[in-house]
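Before any comments, here is the structure.
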Amino acid sequence: MDYSNLRRQAASMKKSLFDQGYLDEQFCQVEDLQDEASPNFVEEVVTLFFKDSGRLMSNIEQALEKYPRDFNRWDTYMQQLKGSCSSIGASRMKNECMSFRDSCGQGNVEGCMRSFQKVKREHAVLRQKLESYFQLLRQAGPAGAATRPVM
Amino acid sequence: MAFQTQGSNLRALLVEDIKVNRMILSQMLRKFQVETTVVQNGKEAVELFLGGETFDIVLTDNLMPIMTGPEAISKIRAMGATDVMIVGVSVDANSMEEFKDAGADLCVPKLKLEILEHILQETRSKKNKSSA
């Protein structure tokens, strides 16, 4: 198997995630924390992110239904999701979370609903892209561990 | 619920409700060999201090369920824990004033390794001075 080609593909995939705005500099900060003692740290954090964000989005979905116009409650849940997105550099998701919070501040129910749909879409897309990225990294082997993209 | 990680030298209390943030910040502190206790809200932090636990540094988020970071800081300071370095961590601009009013030494929008290194150096200096 051509491991160097796989590593090039992984690097290219990561660069495009940055170029298309899915990820920002904060993801590099997470990568910098990976070391010999925690060789899979980045993937573990991302796995936790998708597990936890799934739960948070489910809470928000229920709150939108059960607590109509409870903007404070909606905003509190979304604030947690936004914090999580920010921590791993999930830039597009974070921006949609911020749009939702803006709509909460304006008391705009339709705006909240639209933003939430976008949050869900960005979540699904990012999940699929990062799953592909980590699968490629695993195929590329240990030397394919995270490196900073050329930006 | 509190759990500890291995380390030496400085003892840190991390107060953070978001799991991903806890994982990232714990790893940052591990990089600097800081012995870290992690709790999920301000009330758990206050309870540790009430139980006689001591820390060199507290790193706390602002908005958390049950008790916020600033509320916890006020209570910790009121207990007489004036020496412990307390750092508020929040991207929200309004949080800075809340943290400072509550008695935090510092407030940072985001913890990066370089910033944390500088804060820990400051904490070590402060600790060395007070034990001299």
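In case you wondered, yes, glycine gets a Cβ from its N, Cα and C as well.
What Swiss-Prot records for this protein:
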- B:11-125: domain 'Response regulatory' (DOMAIN)
- B:ASP61: 4-aspartylphosphate (MOD_RES)
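Taking the Cβ of B:ASP61 (4-aspartylphosphate) as reference, residues of its chain lying under 8 Å away and at least six apart in sequence are, in sequence order, B:VAL15, B:GLU16, B:ASP17, B:ILE18, B:ASN21, B:GLY69, B:GLY88, B:VAL89, B:SER90. In the predicted model, the domain 'Response regulatory' (B:11-125) shows an average pLDDT of 94. Sorting each residue of the domain 'Response regulatory' (B:11-125) by its DSSP state yields 55 helix, 22 strand, 38 coil.
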